[in-house]
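Quick look at what TrEMBL lists:
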type	residues	note
DOMAIN	32-87	domain 'Acetyl-coenzyme A synthetase N-terminal'
DOMAIN	95-481	domain 'AMP-dependent synthetase/ligase'
BINDING	Arg197, Gly198, Gly199, Lys200, Thr317, Ser536	CoA binding site
BINDING	Gly397, Glu398, Pro399, Asp421, Thr422, Phe423, Trp424, Gln425, Thr426, Asp512, Arg528, Arg539	ATP binding site
DOMAIN	544-625	domain 'AMP-binding enzyme C-terminal'
MOD_RES	Lys625	N6-acetyllysine
Amino acid sequence: MANIETFAQETRIFPPPAAFAKTAAISGMDAYNALCAEANSDYDGFWGRLAREQLTWHKPFTKVLDETDAPFYKWFEDGLLNVSYNCLDVHLQNGNADKVAIVFESDGGDVVKVTYQQLYEKVCRFANGLKSLGIKKGDRVVIYMPMSVEGVVAMQACARIGATHSVVFGGFSAKSLQERIIDAGAVAVITSDEQVRGGKRLPLKSIVDEALALGGCDCIKNVIVYQRTGGNVTFNPGFDLWMHELVANQAADCEPEWVSAEHPLFILYTSGSTGTPKGVQHSSAGYLLWAALTMKWTFDIKPDDVYWCTADIGWITGHTYIAYGPTAVGATQIIFEGIPTFPNAGRFWDMIQRHKATIFYTAPTAIRSLIKAADADEKIHPSQYDLTSLRLLGSVGEPINPEAWMWYHKHIGAERCPIVDTFWQTETGGHMITPLPGATPLVPGSCTLPLPGIQAAIVDETGHDLPNGQGGILVVKRPWPAMVRTIWNNPERFKSTYFPPEFGGNLYLAGDGAVRNKDTGYFTITGRIDDVLNVSGHRMGTMEIESALVANPMVAEAAVVGRPDDTTGEAICAFVVLKRSRPTGDEAKQIAKELRDWVAKEIGPIAKPKEIRFGDNLPKTRSGKIMRRLLRILAKGEEITQDISTLENPGILDQLKEAQ
Ligand code: WTA
């Protein structure tokens, strides 16, 4: 509630700069309202018009939305198209073959530019290479790669032949990779020998080897390896293949596989409120439509823009706003291999200056950590760089606190660039609630209003609308083209997670809480309402981390909660009961370290708990239910003032105050 009140008190309003509004794709609130009205009066007509305008169809669709099997909605289903054709071939036909598609900058600072013609040829060669291995439409391919041109090529090549890719973030462990390979039933893994981040070389191929050695991955017929560093890797000839050898003799053209609009373009695993991640499955046409449209609406992309999204291709933002959105609209984009703090924390500002970036899209965590760095060292303060090329800023992945927003606005945007605080999720495919930079007056900390056609609302626990000013559960009332289609291998979980019967079975449940401003109707996201944490914009399930902890032979029981953190948004706090007695002193520190390393091995370093607290037990009710509410208070370091009379074992609360 404190959160809600802070945002409700925010009174600063920043109208769109007149010069920006003048040329914007959606210019002014009247234009926004007109699009919303069009969607409201003829939903099918609205989406049908946009799908015809934005995409190139091999065979046009005759029906827009099919709701017969709701909530398994189908969009444009009898239309045929190819996503890679829409991202590449169309630009060659439009005279943009020599336009730069990707400006790639390596961790060490080397820059490579790739034109649309070159990207097309790379994708076609690799697509032909995949075909030569017998990989075909409908097969699943796991991609475990660094930020690279080749990562985008791999994704686009899969799309070209109709194979469904599943990108696994390079920070995930062998075990996480193995689970995803098995669930997806993948026929191949595309990886690289190593990745380079912050001056360090980190293995990828050997983690793939480890994943396959864990067993159950017989579905994999080949591992294709992009040679990034030339580092030593174990190579099993015939099974392991070098990407450069595979493409060496392939033709530079590849007839695209025309697929149904509903063909699964990709599966992306994400965390939910159970121990196992869910394979969010997206479609081809509806997804691409939204990727292209939001590039235009939210980012107001223009032919001369130099666009930069700092996300990793292992997350949804890297899918929609690197691999597909920018290419669908023929944009020039920067792809960066490294990290914001190497060789120093001025790297982002230096790159904006050198590449003359015009649109910059990053996460609040990055902004917050760079604020700290800039305060500590004036040599890398953004004022030391020429950032005048910028015209638009974006934020994604977590709520951006008003202080960070104001800093971003002042120091990066020179009080001149609108900031689009884009709320969306892996499941939504693209932006849902976001300002339009040439229309929406901005309020720091608010993602403002839903995009045209998106029927977002706030309801109570029974699915009834709540008035503005009252915090509740964020839902979307009508299907939209880019929405998740199902959970791979688990349609029942899809239904119960996103369209729960308690809400009538027809409201999409986002998993977030939100509140609308009394006067403006603007949305502010108040955080997840399920057991999902958001650490540095990385989404993680508390259950997943708990399962990893209890898999350790020393651990009897574990409960994980989030607590607010100045830089990472939330931090992971684990309460652990060991099978032996509660450790103290140095021993507790040692075991905490072992458990952190264990979690890194089980899930990945991003899931390492920041704090571990040992107890002889966890606070439980008499019926044995863990009182997470109390754990959250303890994690914040606050005193427990509420009634704990239902607690079976109040004595252990004191033990749990000490953090390792
Ligand atoms: C959170 C990332 C507030 C939210 C694109 C959501 C946000 C989860 C914002 C999805 C934002 C994302 N303001 N919260 N602008 N953007 N979130 O699937 O809790 O990795 O449910 O997708 O991030 O995370 P995911």
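Including glycine, each Cβ sits where the backbone N, Cα and C put it.
Distribution of TrEMBL features across the structure.
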{"residue": "Arg197", "record": "CoA binding site", "DSSP class": "strand"}
{"residue": "Thr317", "record": "CoA binding site", "DSSP class": "helix"}
{"residue": "Gly397", "record": "ATP binding site", "DSSP class": "coil"}
{"residue": "Thr422", "record": "ATP binding site", "DSSP class": "strand"}
{"residue": "Ser536", "record": "CoA binding site", "DSSP class": "coil"}
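Of the candidate recorded positions, Thr422, Arg528, Lys625, the one lying closest to Arg197 (CoA binding site) when CA atoms are compared is Thr422. Remark: Pro399 (ATP binding site) has Pro364, Gly445, Thr524, Ile525, Thr526, Gly527, Gly569 as non-local neighbours, by Cβ distance under 8 Å and separation of at least 6 in sequence. Cα separation, Lys200 (CoA binding site) to Thr422 (ATP binding site), rounded: 32 Å.
Checking the binding-site residues Arg197, Lys200, Trp424, Ser536 for a CB within less than 6 Å of any atom of ligand 1 leaves Trp424, listed in sequence order.
Rounded to a whole number, the distance between the Cα atoms of Lys625 (N6-acetyllysine) and Gly199 (CoA binding site) is 47 Å. Counting residue by residue with DSSP, the domain 'Acetyl-coenzyme A synthetase N-terminal' (32-87) contains 27 helix, 7 strand, 22 coil. Proximity of Gly198 (CoA binding site) to non-local residues of its own chain (separation of 6 or more, Cβ distance below 8 Å) is seen for Asp107, Gly338, Ile339, Thr341, Phe342, given in sequence order.
Summarising the ATP site geometry, the residues cited as binding it (Gly397, Glu398, Pro399, Asp421, Thr422, Phe423, Trp424, Gln425, Thr426, Asp512, Arg528, Arg539) extend over a maximum Cα to Cα distance of 18 Å. Across the structure, Thr422 (ATP binding site) and Lys625 (N6-acetyllysine) are spaced 37 Å apart at their Cα atoms.
When pLDDT values are averaged over the domain 'AMP-dependent synthetase/ligase' (95-481), the model yields 97. Cβ neighbour count for Ser536 (CoA binding site) (all protein chains, 10 Å cutoff from its Cβ): 20. On a Cα basis, Arg528 (ATP binding site) lies 14 Å away from Ser536 (CoA binding site). Secondary structure of the domain 'AMP-binding enzyme C-terminal' (544-625) per DSSP, as helix, strand and coil residue counts: 28 helix, 27 strand, 27 coil. Rounded to a whole number, the distance between the Cα atoms of the residue listed as 'N6-acetyllysine' and Arg528 (ATP binding site) is 21 Å. Considering only the binding-site residues Gly199, Gly397, the Cβ with the fewest other Cβ atoms within 10 Å is that of Gly199. Packing around Thr317 (CoA binding site) is summarised by its Cβ count: 25 other Cβ atoms lie within 10 angstroms of its Cβ, all protein chains included. It is 33 Å from the Cα atom of Trp424 (ATP binding site) to that of Lys625 (N6-acetyllysine).
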